[in-house]
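Student: Okay, handing you the structure first.
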């Protein structure tokens with residue numbers, strides 16, 4: 001291996017091992033998944049579908065893809081699946097290509113309320129090719145406002161309604177979305193990229209009986225390789241989806257990744273996986289309560305899934321400051337725009353925290369109480385320093401210098417905790 005790359009991988013392994021990973025969209029996949037991704041399957045071109053390839057020598061490739069499809073259909077209890085999308089974004093784009101025409105109207109959640117870029121955000125292809133209308137969460141409860149969704153649907157008559165989010169911590173009523181979609185004759189797309197693991201284990205209701213199409217990533221709570229998938233119970237839609245993925249969106253599928261997806265689906269079908277998802281949710285609730293008890297505003301008052309959103313507007317702390325200084329202390333998270341946020345997306349007014357990765361390492365409730373204390377200690381000290389400066393401008397570097405001893409002390413404790421939960425042995 002190239003020494004430079006080897007050294008960088010070693011450094012990244014050390015970073016992952018020695019830090020607390022709280023980015024809600026990240027996880028630690030199994031060695032089996034990684035072995036499949038690094039296998040000789042990466043050598044094979046396989047444009048097309050099972051028994052309909054444009055290259056020879058695909059007899060074993062067909063079996064690999066067939067296994068992945070069978071396992072994901074069993075996992076989500078659906079009739080049709082496409083496992084070829086390279087990402088969740090491309091899965092969504094394939095749905096648009098299959099069901100929409102340029103200029104059609106789509107209705108989805110506003111980015112600041114927790115929606116995703118691929119749901120019609122202006123910088124994204126979905127916002128450039130389609131007329132995107134967005135609904136928001138309720139200004140008081142920060143919950144989905146189903147009345148507003150229906151009002152906008154009746155007003156704009158979208159061709160497609162999207163449900164599913166990247167920053168929403170409560171359960172989704174797919175049945176209500178189905179009723180709204182039916183009233184205006186719209187397709188319903190459920191993007192379950194974040195909650196796929198909860199849906200697979202029935203800790204969250206499934207959109208399969210309600211949505212025309214379901215998309216997801218295969219990493220995040222599913223703990224698989226980075227990739228996408230598309231599910232449906234409608235045969236005619238499945239044919240359109242297949243054509244949209246290939247030849248519409250992609251060329252040759254990544255067979256080494258599809259093999260890794262099959263392994264991840266197999267792992268998710270095991271009883272231990274349901275126990276894992278339950279622990280993910282317990283850990284998220286404990287972390288949310290600890291931060292609430294320390295005086296921090298958790299949007300919606302808690303969480304029903306794997307993530308929580310910490311609104312820092314009342315503490316005079318930006319998401320950028322929190323992310324940077326927590327990272328300095330060995331705690332990785334991401335700054336997050338809050339509903340009705342007036343700051344830049346590069347600054348933000350809060351952070352998003354997730355429990356899947358550390359739960360994979362073996363963290364339980366008591367460990368997350370400890371983690372929550374570390375987070376609150378850092379945030380408390382940021383607030384104290386900024387309060388002392390009153391209205392004076394202060395840079396993140398200046399805050400970091402003032403917090404040097406606190407950051408150093410916290411980082412030592414973080415590393416001690418992480419050493420008790422190795423990611424990969426041997």
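Quick reminder: no glycine exception, Cβ is built from N, Cα and C everywhere.
Dumping what Swiss-Prot says about this protein:
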| type | residues | note |
| --- | --- | --- |
| BINDING | 111, 115, 116, 117 | (6S)-5,6,7,8-tetrahydrofolate binding site |
| SITE | 219 | site 'Plays an important role in substrate specificity' |
| MOD_RES | 220 | N6-(pyridoxal phosphate)lysine |
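Give me the structural setting of these features: burial, nearby parts and distances.
Tutor: Under a cutoff of 8 A between CB atoms, and with a sequence separation of 6+ in the same chain, the neighbours of residue 116 ((6S)-5,6,7,8-tetrahydrofolate binding site) are 164, 165, 166, 191, 193.
DSSP assigns residue 219 (site 'Plays an important role in substrate specificity') to coil, not to a helix or a strand. Summarising the environment of residue 219 (site 'Plays an important role in substrate specificity'), the number of other Cβ atoms within 10 Å of its Cβ, over all protein chains shown, is 24.
When Cβ atoms from all protein chains are considered, those within 10 Å of residue 220 (N6-(pyridoxal phosphate)lysine) total 26, not counting its own.
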Student: Whole-number Å distance between the CA of residue 115 ((6S)-5,6,7,8-tetrahydrofolate binding site) and the CA of residue 220 (N6-(pyridoxal phosphate)lysine)?
Tutor: 16
Student: Select one residue from 111, 117: among these binding-site residues, choose the one with the most other Cβ atoms within 10 Å of its Cβ.
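Tutor: Neighbour-count leader: 111.
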Student: Taking just the CA atoms, what is the gap between residue 219 (site 'Plays an important role in substrate specificity') and residue 117 ((6S)-5,6,7,8-tetrahydrofolate binding site) in Å?
Tutor: 18
Student: Where residue 111 ((6S)-5,6,7,8-tetrahydrofolate binding site) and residue 220 (N6-(pyridoxal phosphate)lysine) are concerned, what is their Cα separation in Å, rounded?
Tutor: 19
